[in-house]
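Feature list (source: Swiss-Prot):
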BINDING   Lys46, Gly53, Arg54, Gly55, Glu99, Thr102, Glu107  ATP binding site
BINDING   Asn199, Asp213  Mg(2+) binding site
BINDING   Asn264, Gly321, Ile322, Val323  substrate binding site
DOMAIN    9-244  domain 'ATP-grasp'
Amino acid sequence: MNLHEYQAKQLFAEYGLPVSEGFACDTPQEAAEAADKIGGDMWVVKTQVHAGGRGKAGGVKLVKSKEEIKEFAQHWLGKNLVTYQTDANGQPVAKILVESCTDIANELYLGAVVDRASQRVVFMASTEGGVDIEKIAEETPELIHQAEIDPLVGAQPYQARELGFKLGLNPTQMKQFVKIFMGLAKMFEDCDFALLEINPLVITDEGNLHCLDGKIGIDGNAIYRQPKMRAFHDPSQEDEREAHAAQWELNYVALDGTVGCMVNGAGLAMGTMDIVNLHGGKPANFLDVGGGANKERVSEAFKIILSDDNVKAVLVNIFGGIVRCDMIAEGIIGAVKEVGVKVPVVVRLEGTNAELGREVLKNSGLDIIAAESLTDAATKVVAAAEGK
């Protein structure tokens, strides 16, 4: 689960990190009034969406009057912002963040992630702030400095100082950096973060460190014990199909291909997507119906897949271990009848009661294409999606 920038900065302030004074506003009038509360003669206005690249898309602007703030808010509130990180439809803008203007002498990067390889939280810092960390990692990885946090002792001030020396900070800035580092480490653990970025962490003209932006991702598996984080949830920023799938305990991720995939098991689902690609097709989604799939969930899975207008064919790939293939077959038949599937459906069943499942499909009287193997299924569904 991701947070908006204004929510991230609210947490930063609670943990004693230096952030700009700002207000998240729902209306143009409220945005203009926020400028009066902040004071000064120059402000920054930012659209609040769960995506990067806002500046290049026109979603961030430096303004010098309340009229400009109003115009910006009127232009964006209720509309969708399209960036390189969104799909073609973009993300809806429901809030505008109005902030005081901060002078910038230099831009740094500071972030943290859960590193699966070392099984630890790893902090990353770089002198190359203001650009994508992925780009830095690819082009100049030597400019990224890391500090692994030992889970037994937690973050230590000496680790912050080591990073600070590599960033070229002076003694005054070093003290500030240690405070920021320790605050972020505590916040990361307290709130069950999966990702944290301050990009950029700026050095002002006065030589002070300041958190100019904030990006936070919460570990979805920990939301149950984080009521405060759960309250930050903004469903408008999620794909409607993914949100609907979650209600049925279906793991669904929308993609941009034409072959809908319904599979039980995440590993098999990824393998199915790979083999569809191998045979010249493009998956329209990742969908894991799980080990406890029943007729109702299979039916909902079909509805979700077919709600994507790009889907030209559907591949159902089921390995019957916990779940019985004949039950899945009945679910497929019920779903096809209920939903009124108009695209070709290719089904491959293996495992518990696979023969019985195939027999059920064969006797259904529906136009369902049976596949003998995964390769056969991929070949048939790609051909069907291409209208062959």
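Keep in mind that glycine also has a Cβ here, set from the backbone N, Cα and C atoms.
Summarising the environment of Asp213 (Mg(2+) binding site), the number of other Cβ atoms within 10 Å of its Cβ, over all protein chains shown, is 22.
Summary: among the binding-site residues (Glu99, Glu107), the fewest other C-beta atoms within 10 A of the C-beta are counted at Glu107.
Separating the Cα atoms of Asp213 (Mg(2+) binding site) and Lys46 (ATP binding site) is a whole-number distance of 10 Å. Closest to Asn199 (Mg(2+) binding site) by Cα-Cα distance, out of the binding-site residues Lys46, Arg54, Glu107, Gly321, Val323, is Glu107.
Each residue contributes its Cα atom, and for Thr102 (ATP binding site) and Asn264 (substrate binding site) these two points are 51 Å apart.
Comparing C-alpha positions, Gly53 (ATP binding site) sits nearest to Asn264 among the binding-site residues Asn264, Gly321, Ile322, Val323. If you average pLDDT over the domain 'ATP-grasp' (9-244) in this model, you get 94. Residue annotation for substrate gives Asn264, Gly321, Ile322, Val323. The furthest Cα pair among them is separated by 10 Å.
On the backbone, the CA of Arg54 (ATP binding site) and the CA of Ile322 (substrate binding site) stand 45 Å apart. A 10 Å cutoff on Cβ-Cβ distances gives Lys46 (ATP binding site) a total of 24 other Cβ atoms nearby, all chains included. Spanning the residues Lys46, Gly53, Arg54, Gly55, Glu99, Thr102, Glu107 that the record associates with binding ATP, the maximal Cα-Cα distance equals 20 Å.
Cβ contacts within 10 Å of Arg54 (ATP binding site), excluding its own Cβ and spanning all protein chains shown: 21. Note: the CA-CA distance between Gly321 (substrate binding site) and Glu107 (ATP binding site) rounds to 53 Å. A distance of 48 Å separates the Cα atom of Val323 (substrate binding site) from that of Gly55 (ATP binding site).
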